[in-house]
Amino acid sequence: RCNDCQESLEHFQAALEIRQRLLGENHPDVAEIFSFLGETYNKMQNYDDALVYLVQAMDIEEKTLPPNSINLAATYDTIGAIYMILNQYDVALIFYEKVLQIRQVALHTDHPQIAAIYGSLGSLFEYKGDYLKALNYQEKSLEVARKTRSATHNIVSNAQESIRRLKAKIKQ
């Protein structure tokens, strides 16, 4: 939970007004504030407002950043995660696929963010009931995570637990 969210929102709104006045509507620094607002609303579990601001950030980022921008991938990732929370898995999948596409181009193949998006895709397919596809993504997540993280790191243990759970579901 976010203890100081309301204060954060007020500061971000003030920063947004300043940046829009100085930089115009379509500037990456304006998108950054929209992202901060969206992430704050996300922490408050106010997903509708979070999506409003994150989509505004995305629209600006798509116009002003390179197509393989890590910042754009982060925005897509947060939007996808919110759609996961809202049980809109097909919409989440669209965003997660964009994240994977960008990260595979922009990052090293063993980067932890690659492992993270594989894990997110694994969770998504598990929720959709496609346990084989989910297992495939969780195994990819574990493979990448083991190269960059210790055996006790959350991403490693989460992938291992997901793999155990999925194998049990597949056997049923």
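Quick reminder: no glycine exception, Cβ is built from N, Cα and C everywhere.
Marked as repeat 'TPR' by TrEMBL: 31-64, 73-106, 115-148.
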Residue numbers, six or more beyond the limits of the repeat 'TPR' (31-64), whose CB comes under 8 Å of its CB atoms: 1-2, 5, 8-9, 12-13, 15-16, 19, 25, 71-72, 74-76, 78-79, 81-82, 85-86
Averaged pLDDT, computed only over the residues in the repeat 'TPR' (31-64): 98
Counts of helix, strand and coil residues, the repeat 'TPR' (31-64), according to DSSP: 31 helix, 0 strand, 3 coil
For the repeat 'TPR' (73-106), residues assigned helix / strand / coil by DSSP: 31 helix, 0 strand, 3 coil
